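The following features are taken from Swiss-Prot:
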SIGNAL    1-19  signal peptide
DISULFID  Cys33-Cys104  disulfide bond
Amino acid sequence: MSSKKIIGAFVLMTGILSGQVYAGVSEHFRNICNQTTADIVAGVQLKKYIADVNTNTRGIYVVSNTGGVWYIPGGRDYPDNFLSGEIRKTAMAAILSDTKVNLCAKTSSSPNHIWAMELDRES
């Protein structure tokens, strides 16, 4: 069994057992994002994960299948932050398992800055 299938099965089982993976944007996620100045971007299929250690760049980026680019805090801004590390892990799991995500992202920055991410297995 390929590692991609194993990770996909793991993500799916974790979602089923924990009840934390929703079809569409969950009410809890919507409430969290509504408390910020960010906007919800639903049903994003991430395809690329870019980690750049160049001192002139921000560090971690994800790219969707439609070409959208988002920045994950980390690298230069919060290198040891546990929560931004969890967003990076969620992004990698979504890419490896072909699972869509819902993003809470600040659209006034370029690239858009991700503040929260939710796996969305049935979008």
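Cβ coordinates are placed from backbone N, Cα and C, and glycine is handled just like the others.
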Cβ contacts of Cys33 (disulfide bond) (under 8 Å, same chain, 6 or more positions away):
Asp39, Ile40, Cys104, Trp115, Ala116
DSSP on Cys33 (disulfide bond), three-state: which is it?
helix
